[in-house]
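Undergrad: Please find one structure pasted underneath; my questions will follow.
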Amino acid sequence: MSLKINKLKYASMYGPTKGDKIRLADTDIIVEIEKDFTVYGDENKFGGGKTIRDGMAQSSTATRDQGVLDLVITNATIIDHWGIVKADIGIKDGKIAGIGKAGNPDTMDGVEPHMIIGASTEAHGGENLIVTAGGIDTHIHFISPQQIETALYSGVTTMIGGGTGPADGTNATTITPGKWYIEKMLQAAEAFPMNLGFFGKGNCSTEAPLDEQIEAGALGLKIHEDWGASPAVIDASLKVADKYDVQVAIHTDTLNEAGFLEDTMNAINGRVIHTFHTEGAGGGHAPDIIKAAMYPNVLPASTNPTRPYTVNTIDEHLDMLMVCHHLSKNIPEDVSFADSRIRPETIAAEDILHDMGVFSIMSSDSQAMGRVGEVVTRTWQTADKMRKQRGDLAEDKGNKNDNFRAKRYVAKYTINPAIAHGISQYVGSIEVGKMADLVLWKPMLFGTKPEIIIKGGMIIAARMGDPNASIPTPQPVLYRNMFGAFGKALSKTCATFVSQASIKNNIAEEYGLEKMILPVTGCRNISKKHLIHNDKTPEITVNPENYEVRVDGEKIICEPATHLPMAQRYFLF
């Protein structure tokens with residue numbers, strides 16, 4: 001016997017289904033579920049009087065070796081680069097085992113053989129929750145260890161960058177220089193509930209000092225103008241990167257001391273490179289570093305202080321810049337240096353270039369002009385600002401939803417940074433076989449405050465009420481680390497990314513590492529065309545007199561925002 005119920009009642013019980021629409025937080029971004037992998041009438045739900053019980057949705061006979069899951073997230077709405085769908089998510093051995101229909105094949109239709117719910121299965125209700133892949137932030141100044149929990153609680157599960165603590169070199173540059181510091185930072189990484197990876201110093205015009213850092217465990221090299229970003233340095237770093245299959249990230253030469261943008265591009269010579277804050281407010285050839293985004297070998301990123309362009313952006317940046325780069329307001333040359341980097345015209349253009357899919361990656365620049373806990377929020381604020389100012393994307397016209405725009409923006413802090421740094425086989429999307437790094441959101445809090453962060457298949461952090469309360473929800477509700485973040489579980493739920501060469505050198509044994517170490521691969525055979533939904537390479541020009549930006553000959557400009565969604569109303573407490 002079947003039962004017909006209206007959509008509102010169905011959604012309240014099992015979450016939205018195909019054709020239903022969801023507003024993301026208080027933005028104007030509306031997504032529509034494209035496909036429902038669950039089976040009507042055979043839905044899974046845990047709780048008193050619900051279906052996940054012995055002999056019903058839970059198999060009475062299947063063992064773990066016969067395909068029983070460790071964890072099932074039921075009826076979840078997934079937002080990922082590949083689609084916006086509703087499905088059960090199955091997790092086993094810390095990895096995503098299935099996306100589809102879970103349950104008991106003896107009593108239910110459509111259950112996938114690798115998604116059996118049994119006595120070995122934990123359950124979490126994904127009804128009326130959105131699930132995204134854990135965020136990846138590739139521009140981290142490791143200044144303070146407290147950044148890591150702040151990032152985790154915002155929905156970031158992988159942090160890549162460099163540093164040694166609050167030394168002036170780290171305050172300004174994302175670099176962990178030399179074997180001794182690389183070893184110490186890899187040892188420190190053992191303590192943190194986060195996937196981590198460290199850049200060595202790429203600022204050297206000969207190869208041997210760079211080789212030894214990759215051999216020691218750096219996952220890539222970072223070139224920064226504060227150490228000198230000359231063509232010789234760029235060439236040497238890229239030669240070493242090609243030799244070891246690692247990525248090079250670059251903060252180019254704001255002062256044009258060793259050459260102009262064209263000289264840097266000639267030194268790069270068609271080799272793949274990840275450009276940081278490619279608009280230029282965070283640093284880079286003034287005034288036209290933004291042109292780098294048109295090259296097919298450049299993987300262009302933004303940092304979040306310029307995201308999105310608002311009425312407060314310019315004033316805030318000048319003060320931040322003086323502090324972060326050890327400048328003095330009493331030295332005229334320092335003030336001129338700061339002024340040259342902060343250009344309203346290029347910051348406004350950056351908004352539009354993100355919306356067009358020309359800029360490909362979002363990151364933070366943590367404590368060094370960027371906010372480590374705001375990568376996700378700033379990404380969706382930019383999407384909303386562009387939705388309001390530019391309307392439908394061409395790909396969304398006629399669909400009465402913003403699905404393509406949502407896929408484009410979520411890719412900027414998930415799959416694309418993973419591809420850029422050779423870790424997309426492990427993280428960056430909700431796909432079978434990848435590490436189960438998942439973030440669960442209530443739609444009204446999407447992009448601001450996650451409900452639960454799952455890391456390597458285990459809940460690692462969550463919003464949690466008073467531990468002395470009779471139920472989990474009484475205030476004060478704070479983000480707290482959960483069991484996945486403690487003891488030896490941490491070393492199995494989190495990974496450290498290193499070079500292939502360092503694994504061959506057996507650094508785990510030499511340094512005494514217990515955390516999973518995973519090699520980066522495929523960093524040198526990629527280009528911008530591999531960056532999903534963000535692969536456009538139009539011609540970009542910048543007028544050196546008034547900083548006007550044109551794309552394929554058309555001037556691009558937008559007004560600064562005076563109000564933003566996902567802002568103060570979410571962070572009063």
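Glycine residues also receive a Cβ, built from the backbone N, Cα and C atoms like all the rest.
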Undergrad: Where Swiss-Prot shows Lys222, His277 binding Ni(2+) 2, which of His251, His285 is named for the same site?
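TA: Between His251, His285, Swiss-Prot records just one in the Ni(2+) 2 site with Lys222, His277, namely His251.
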Undergrad: Which of Asp351, Asp355, Asp365 does Swiss-Prot put in the same Ni(2+) 1 site as His139, His141, Lys222?
TA: Asp365
Undergrad: Take the Cβ of His139 (Ni(2+) 1 binding site) and count every other Cβ within 10 Å, whichever protein chain it belongs to.
TA: 33
Undergrad: Compute the C-alpha separation of His224 (substrate binding site) from His139 (Ni(2+) 1 binding site), stating it in Å without decimals.
TA: 12
Undergrad: Do me a favour and check the Cα-Cα span between Lys222 (Ni(2+) 1 binding site) and His277 (Ni(2+) 2 binding site); whole Å is fine.
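TA: Roughly 13 Å, rounded to the nearest whole number.
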Undergrad: Taking the mean position of the Cβ atoms of Lys222, His251, His277 as the Ni(2+) 2 site, which residues outside that list, in the same chain, have a Cβ no more than 8 Å away, listed in sequence order?
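TA: Other same-chain residues near the Ni(2+) 2 site: His139, Thr173, Thr174, Ile223, His224, Ala249, Ile250, Thr252, Thr275, Phe276, Gly282, Gly283, Gly284.
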Undergrad: Here are some binding-site residues: Lys222, His224, His251. Which one has the most Cβ atoms within 10 Å of its Cβ?
TA: Lys222
Undergrad: Express the distance between the Cα positions of His251 (Ni(2+) 2 binding site) and His141 (Ni(2+) 1 binding site) as a whole number of Å.
TA: 13
Undergrad: Non-local Cβ contacts of Asp365 (Ni(2+) 1 binding site) (under 8 Å, 6 or more apart, same chain)?
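TA: Same-chain residues close to Asp365 (Ni(2+) 1 binding site) (Cβ under 8 Å, separated by 6 or more) are His139, His141, Phe276, His277, Gly282, Thr303, Asn304, Pro305.
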